[in-house]
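Residues or ranges marked as region 'Disordered' by TrEMBL: 1-21. According to TrEMBL, the feature transmembrane segment maps to 65-87, 93-114, 121-141, 147-167, 188-208, 214-235, 247-264.
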Amino acid sequence: MAFNPAIDRIDKESSSGQPRYGQYADFNTAGQAGAQYQQHAQLEQAYQAPSMDTGRTGRLSLDDVFVKTAILIGLMLVTAVGTWFVVEELPAAASPIWLVGMFGSLALSFAIGFSKKVNVPLILVHAVLQGGFVGAISKAFETSMPGIIMAALTATIGTFVMMLVGWKMGLVKVTSRSMRIFSMMAMGYLAFLLINLGLSWFGVFNAYDTPLGWLIGLFGVAMASYSLAIDFESIQRGIAAQLPEKYSWLMGHGLLASLVWLYIEFLRLIAILRSGD
């Protein structure tokens, strides 16, 4: 499961009260990570520059977000493919790699969110850790259930497209209230996953092995899907607020985190449904 505390920073800084960059004073709740963070006292000097053409002043544009997202996804995929081959040769390395990737990327997500600056090196390392996690766990699933990777990828891409269309058409709404609810649910879900991981690791209990396992999996898919809508909304508001171009890294980081989260949830849900056949 992937979380991105950084989205809240984007929204808080774009609502800091600078009239020429747009105001979203009520858009101050947490995004994908489900956590609330301190309001930054001042924006960077770049925010004070007069509003001009974004391509000439270093202001955020959709192209910037697209390029940075593509770079991060590419880095994640290259790492995932490399990890796949490593695990293929050394199966015993799978668990250590995905554990380091999962907990490492989770910790970095919060570090990126708390950082007062857009920390590009941390964002790049996060993408590498996500790649290690995805590669190791994908290999494990594919070994036990051939074909599951393609099914999960197809479902992830299809859901991304549907959420984008639904959000663009206004069918999927992102409001301050919905984000507050999402924040609490996301943190609760994270706590559940960590507890369940610990219990299942020691062979005590695994909630996904119960008759309600598929419902839990479906809930995870719904949560990850809505996090994409939050990312889309944050990107739109960030562009409208004319944030500095460097925030495209933060938004690309958010999209990558949501996509990996969604992919993992689909892997889990499909595995549950197949095991029940």
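Here, residue 1 is simply the first one shown, and the rest follow in order.
Placement of Cβ uses the backbone N, Cα and C atoms for every residue, glycine included.
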Requested in this report: Select the range from 65-87, 121-141, 214-235, 247-264 that forms the most Cβ-Cβ pairs under 8 Å with the transmembrane segment (188-208).
Outcome: 214-235
Query - Leading stretch by Cβ pairs under 8 Å, where the reference is the transmembrane segment (121-141) and the options are 65-87, 93-114, 214-235, 247-264 - result: 65-87
Report task. With the transmembrane segment (65-87) as the reference, find which of 93-114, 214-235, 247-264 contributes the most Cβ pairs under 8 Å. Result -> 247-264
